[in-house]
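Okay, so here's the structure we're looking at.
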Amino acid sequence: MSQPFDEISAQLRRRHRKSARLKWISMGALGLAGLFLVLFFADMLVKGLPAFQQARIQVEVDYSERASQLPLAAVQENVRPLVSRGYLRLIPGRMDDNPELLGTTRMEWVLADGQVDQYLKGHHSKLRDSEQAVVDRLAAQGRAELRFNTTFFTRGDSKMPELAGIAAAAMGTVLTLLVTLAVSFPIGVMTAVYLEEFAPDNRVTQLIEININNLAAIPSILFGLLGLAIFINFFGVPRSTPVVGGLTLALMTLPVIIISTRTALRSVPDSIRHAAFGVGCSRWQVVRDHVLPLAMPGIMTGSIIGLAQAMGETAPLIIVGMVAFIPDVGGSFTEAATVLPAQIFTWAGEPDRAFIEKTSGGILVLLAVLITLNATAVVMRKKFERRW
Amino acid sequence: MMNIQVAERSVSPMTGHQSKGEPAVGAPVTRNEEAHHELAIRVRDLNLWYGQAQALKSINLDVYQKNVTALIGPSGCGKSTFLRCLNRMNDLIPGVRIDGLVEMDGRDVNEAKMDEVALRRRVGMVFQKPNPFPKSIYENVAYAPRMHDLVSRKTDVDELVERALRDAGLWEEVKDKLHQPGTSLSGGQQQRLCIARAIAVQPDVILMDEPTSALDPISTATIEDLMDKLKQQFTIITVTHNMQQAARVADYTAFFHLGEVVEYNDTQAMFSNPHTKKAEDYITGRYG
Ligand SMILES: Nc1ncnc2c1ncn2[C@@H]1O[C@H](COP(=O)(O)OP(=O)(O)OP(=O)(O)O)[C@@H](O)[C@H]1O
Ligand SMILES: [Mg+2]
């Protein structure tokens, strides 16, 4: 006995309605997530983009004998509070380097104080009314303007917002991640290869496997404590350095790399292994020549994701002392350094309003690097995939 | 009364039923008088367990050089398992236990001194599903000889690749696209590529596990012709579910049932006059 069509269609309609409803709900969820993302980006852009510009003013600089002793004397009294003290401090040095400057007076575009910058950007500033009037006058004469802020990308941290830059932190991040990669990639991949291709399936390997999976779920701050205990206290690695930071992050990245490598290895069909064993490959040749190349895109993606995670980590690095105040762009693995998120963290805690835009600017830089990193992962993956 | 060849072959235990008092199987009649009848592989009392389950029971079998030997029998009877014993691919399966003798060149392949890599170089394998390496056609063939240090100079490798592809009957079809991926070929071509890969290292024996079961009739016929040609150089052991195929290509046929070799004989004799009821039922398609 078959059901009449009407009954079937009534039931079908209910099913269709149900799937339509689910579709709308999931699309709504997606829309909401997208909205948050857009809001977040917009907020960061609005707050952060001004950080890429910095106020400069044109003033008369008097390279007198006195200015080489007392830099404040180089500019006239009425504009003195408007010029960055950091800039003024550089004057004696410049005069030593260029003796012909002595005794001359020039009109120069100089870095303005952070408060002038805030005032020109329309934010609240601590300038007195009289000082504001001077800035207004300069602006009217075309002698005060916002220019691209190269300082932000070329210098390290500073207590003066107009001189604070992201470069030292960026360099620290690069060095730290290099250490992380150099340590966790080979160890992680080889561990995964051993577990997946060589190890017998017994209690011990199962135990190791469970522990590795658990490791990935451990709060990152614990890795910081581990790093402090092992690397700094036990092995005596100097604190605050890219070496210790990188090693600590490597602890964190290892399980991610191991797990993604194992997944990638497992996705290589057994028929390839059989083919390779069948022509007389040793186990290692099977892995090196056939399995690893096929798994490489997956391994790369996993590693880059692991690195991107490590790059955003702050907590474990605070523990090993990488939230230092680093005014100079270093290049050494064994000198104190800081990293991008730690720099952002530091700026976010500054009371001076001018640091708010630095914070957002730093986040923009961090995001840009992360997006570049992920794009690299995608490109690399595509490139590998083309070689079947 | 018996000529030497027959006498030699009568050593091979033909059936498990002999011992159970059934009539002894007559010496196989040779179809091809000039065929070689030297032993390639001697299997004696081979037992294999997957964990607790016994998959091969006291197998005795002689495989003759430069012949095609077909293994037939219902699904799950242990044909693939037996084939993997010959190049020790069962080593890769955890929990496998083997006892008994598999002798090649007077040496037990399972002995501790035997290197399975060396063994697999001499006993090549072609699988049920074509599984070329995800590399170029050229690399598929050149990889193993290079790895085994059989050749190293570019011209030698080129020559070897061409010879293997010619022997596998694939050269004309691929000579203009040697550097395209092996996986871009059709299924039948891929299987011939796998055969070329297997013969490129000049093995003594080639094991084929249902090499045509994933192929269309025309590719199947091509591969069958190929087996006929290749047996001049190699000893071929093939598994097939296709009775006609066994009858067409095999010189000898072994009928497996529930992990035992029930009957082993010259193919013609086996198909025209099976000695056991089980073999007869299976060959004539009456097997349930
Ligand atoms: N890796 C394995 N682990 C455990 N048991 C296995 C394994 N491979 C095969 N077996 C068992 O061994 C027996 C023989 O299997 P085998 O694959 O050799 O059969 P076959 O004759 O090749 O069958 P088919 O014709 O279907 O390919 C079967 O009962 C099977 O379940
Ligand atoms: Mg099988």
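Counting begins at 1 with the first residue displayed.
The backbone N, Cα and C atoms fix where each Cβ goes, glycine too.
For the transmembrane segment (A:21-42), no residue of the chain approaches it from at least six positions outside its boundaries, judged by C-beta separation under 8 angstroms. Among the features that TrEMBL reports, transmembrane segment is placed at A:21-42 (among others).
What TrEMBL records for A:163-195 (among others) is transmembrane segment.
TrEMBL lists A:170-377 with the feature domain 'ABC transmembrane type-1'.
For A:215-237 (among others), the entry in TrEMBL reads transmembrane segment.
Long-range neighbours of the transmembrane segment (A:243-265) within the same chain, counting only residues 6 or more positions beyond its ends whose Cβ lies under 8 Å from a Cβ of the stretch, are 172, 175-180, 182-185, 187-189, 191-193, 195-197, 212-213, 215-216, 220, 223-224, 226-227, 231-232, 237, 291-292, 295-299, 301-303, 305-307, 309-310, 313, 316-317, 319-322, 333-334, 337, 339. Residues or ranges marked as transmembrane segment in TrEMBL: A:243-265 (among others).
The transmembrane segment feature in TrEMBL is assigned to A:304-326 (among others).
Annotated transmembrane segment per TrEMBL: A:361-380 (among others), in sequence order. Counting same-chain residues at least six beyond the ends of the transmembrane segment (A:361-380), those with a Cβ under 8 angstroms from any Cβ of the stretch are 44-45, 48-52, 152, 166, 169-170, 173, 297, 300-301, 304-305, 307-308, 311-312, 340-341, 343-344, 347.
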Discussion item. Give the nonlocal contacts of the transmembrane segment (A:215-237) in its own chain as ranges (CB under 8 Å, at least six residues past its ends).
Written reply: 243-244, 247-249, 251-252, 254-256, 259, 313, 315-320
